[in-house]
Amino acid sequence: MPPADNALPRAATLASRRALLKGAAGWAMAMRLGWGGSAMALPSANSGAALLIAPTDMMPGGLRMPAPLPGAAPRPPVTEPGRQSLDQGWLFHEGDIPFPVPADHNATYLSVKAGNAGGPAALDFDASDWQAVTLPHDWASAQGFDPAANVSQGYRPRGIGWYRRLIRLDPALEGQKIELRFDGIASHATVWVNGSEVAHSWSGYTGVTIDLTPFARYGDDLNWIAVRADATVREGWWYEGAGIYRHAWLVTRPPLHIAEQGVHGHPVRQADGTWTVPVSVTLGNIGDAPASAVVRAMVRDAAGRTLCQGSATAKVDGLDQGKAQITLRPDGAVAPWSPDDPVLHDLLVEVKRDGVVIDRRSVAIGFRAVVFDPARGLLLNGIATKIKGVCLHQDHAGVGVAVPDALVLWRLQRLKQLGCNAIRMTHGACAPEVMDWCDRLGFLVMAENRLFNPAPDYLAQLEWLVRRDRNHPCVFAWSVFNEEPMQGTHAGKEMVRRLRAAVRRLDPDRPVTAAMSGGFFNPENVGQAVDLMGFNYYQGDYDRYHALHPDQPMLSSEDTSAYGTRGAFASDPQAHVITALDKEAASWGATHRQSWQAIAARPFVAGGFVWTGLDYHGEPTPYAWPSVGSFFGIMDLCGFPKTAFGIRQAQWLDSAPMVWIDPHWTWPGREGQPIEMLAITNAPALEVRLNGRTVARIAQADRIMGHTLHIPYAPGRLEALAIDSGKVVARMVHETAGPAKALRLTPTHTALGSESDDAMAITIDAIDAHGRHVPVAQDMAHLAVQGGAIIGLGNGDPNSHESEKGSARSLFNGLAQAIVQGDAGLGPLVLEARAPGLAPARLVVGREGRSAAPTVAAEAPRQRLNRWLRSPALPARPDPRLAPAAGDNNSWDSVGSSEVATPAAGSGEQWHLYRATITPWRAVAARGGSLRFASLAGTAEVWLDGALLGRKTSPAPAPLTLALPAGAGPRELVVIVAARDGSVSGIAGPVDLTP
Ligand code: GAL
């Protein structure tokens, strides 16, 4: 049998891309406006629609995965002027490295000075044998499973890790504001810049921005960033990963600039139906002098028409911030935002000085009115809208929490395909790209705070979340906690009051909620302090609570917690396998069908959030070891659908008819025996046919509970038909598969972008001699890739201990997934899959050329010799052995090479001696290296361990490069400089040692 070669040549890729462009005005608009990666992206009116996978678009041959989307996945939609990616060029060390203990008083004195951090935070630390990594990076996902590690975190050892990165800043940037931003580090992190400790980030869900400007060095004087990530810390009871697992950025802004998160504009509908957009713009000024500027704000629609504009003047003192407030009022009707039609508008803010625009920011906003009515639930733009939501953790198979952008989008597209219209970001701030896509795809988002604590450090985390996300039209509520033991107490209520007040100060419009799991009826409870009651589970108490609080709106912040193993249709507790037929749920939860029935029947319950949309690593409830992943997902950890996918589609999807029937129809040996089937449709009627014969007919189909059927097994073709007015409007077919004959590879997209960070998931399945998906195949697939890399593997089995990295993965109930990235070239990515006894599969994925996002280039590491002691001015040439007396911290200057002043000499001769104790990096110690002074002023002698290494004879400042012989440290390096008759002398630039 020939290989199942489903090559997708580049030509085909481009053709299908063109077809999409032709058919989708919104997409065309998006491309024109910069979603391809250009500077400032504007939202497009029907942009979301262009991103959707048709709800019933599944592959032929019984593979229930969507057909590949044409072209490469679009890039994250939001860019910022002055922002460069800092994802590349990191060095990583797994494990902690203790800080050295200073040996004597002088060393102690110096060790606590700015710029003098020691150990791995020091400028000259030898990290040359650390591993080169690219962000996002989650080192826990590469760990083996360890029964001694934490069950909730998925039995993955986490620990502590170090990162270092060298950055060159163009001298042209001097005078600009330079920010270093990490979107998320798991879990506690300390950041150093050039040997100074600059930030503590004490939540893995919160980003941290560092003002690099005062620490920055330019040109050849490079900057070392060091990060210690402590992932021994737990903030949750699920898999949280380890390391710098979201993007890192370098952002430059003009001296007078719009601050990060400095634009707040959120349309508010007035009682008369008109809209106002109160816009507040925060400016920062890093100069000395007060500066004033004109701030102009305007709202433009997707066609680029300006709907309204206004301006105000702001004055900002030096090293201070100032605000401009502008209220905009669009004339006439504006297209509203909703999940079905996520129309975005562009709020453009420009800052002008002397008539010249010096900074600008474009923010996507949406006009939508969110009102929670205690009796009718959510009224979105005046229309009762049931929240059909899922709770979502952020990790994915193979990559842990370091989910590539394209996969982030694809996960959301799968949820959209499900008919879901809302996501609760459990239980902490998501990556910023997730919010940007939710705006565009059309999801209502419950944004959630992580730790329940109104103490200043933790309140700051909540405030950070609100500031970051308050412009997003998708965000409809802020959740301040999830299931807290203090929820039914006076203290809990007092805590929530403070968190709510903090939110309200920053966002007066959105309701504050808390996801309660008890205490609802206590005399004092947090329900009394929130705008919107969030019920986790306790569905039997909805009516009682509503009767007691008829004026308080409520929703199910969490429900279901039903169990299921994807592709399994009988439970086997011994093997930790649970049927996917929606029969089992946690004692506090209910099946998908029961849960939604309780919500759908009650208009006063605004909707619900299923626990969970996709499976996640960790929390393997109801089991523990050897189970390592969750059983709760509507989809498994790879995004492969469980039976719950069909159930939820039937319950939620109104835009297209669908039908679902499970299990598959491959049961050799069970001929004549009844097979228990679950069939469900959103159409009025349902019919099931076996080999052309009707075996079940349901005149009034139940779209919430579905129908359990027992159909005697006979191999062949089983069809479920959705019927409306006598017509078949949707169909799902299972054909009995024969033995597996070949592997097959099905990508999520027909092309990969030319940027090396683009990624896609590829489904691996087995097919029989007729090309039919074999749902029971469990073969081990061995993969080989060219033109890229496999960055993760999975198969959705919560009990599997196979590595998520590498090149081999077994199919689990017919399916496995490889996540691949292209290399830096433009050649195609070729993936081959082999399994013993099966014909191999080969997939060729073309690359789509497109401009790469601005990126800070990686720099080759070098050892900066930055700790010098400089003698006082001496009248005559000193002996090279001259050194300060023990305990004398003051007679000699301690100077870093970059900021060394070049002392002006008086008349006659003046001498200085510079002394440094160096420990050459291991490579230099072993083989010798090159010692380079970028600028040495005056005549000079350089001595190493008492021997002359070289001389500089001309007095003018000039570079000097000398060969440093091999030898381990500590080594004494001495530079004697002389200046004559008022000239300058000294180390006047960086000193580097390179292997
Ligand atoms: C809830 C909790 C979730 C998850 C779930 C499992 O109580 O909020 O994080 O643990 O239970 O059923």
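Residue 1 is the first one shown; counting continues down the chain.
Each residue, glycine too, has its Cβ placed from N, Cα and C.
TrEMBL has this to say about the protein:
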- 871-886: compositional bias 'Low complexity' (COMPBIAS)
- 888-900: compositional bias 'Polar residues' (COMPBIAS)
- 159-254: domain 'Glycosyl hydrolases family 2 sugar binding' (DOMAIN)
- 270-368: domain 'Glycoside hydrolase family 2 immunoglobulin-like beta-sandwich' (DOMAIN)
- 378-621: domain 'Glycoside hydrolase family 2 catalytic' (DOMAIN)
- 672-730: domain 'DUF4982' (DOMAIN)
- 743-843: domain 'Glycoside hydrolase family 2' (DOMAIN)
- 871-903: region 'Disordered' (REGION)
Inset, instruction - Sort out the residues at least 6 away from either end of the compositional bias 'Low complexity' (871-886), same chain, that have Cβ-Cβ distances under 8 Å to it, and list them. - result: 104-106, 892, 903, 905, 908-915, 941, 943, 946, 974, 976, 978
Legend entry - Segment-segment contact (the domain 'Glycosyl hydrolases family 2 sugar binding' (159-254); the domain 'Glycoside hydrolase family 2 catalytic' (378-621)) at 3 or more Cβ pairs under 8 Å: yes
Inset, instruction - May I ask which of the stretches 270-368, 378-621, 672-730 has the most CB pairs under 8 A with the domain 'Glycoside hydrolase family 2' (743-843)? - result: 378-621
Inset, instruction - Write out how many residues of the domain 'Glycoside hydrolase family 2 immunoglobulin-like beta-sandwich' (270-368) are helix, how many strand and how many coil, based on DSSP. - result: 0 helix, 62 strand, 37 coil
Legend entry - Per-region confidence, the domain 'DUF4982' (672-730) (mean pLDDT, whole number): 98
Inset, instruction - On the DSSP side of things, how many residues of the domain 'DUF4982' (672-730) fall into helix, strand and coil, could you say? - result: 0 helix, 38 strand, 21 coil
Legend entry - Helix, strand and coil residues within the domain 'Glycoside hydrolase family 2' (743-843) as assigned by DSSP: 0 helix, 58 strand, 43 coil
Inset, instruction - Over the span of the compositional bias 'Low complexity' (871-886), count residues by DSSP class, listing helix, strand and coil in order. - result: 0 helix, 1 strand, 15 coil
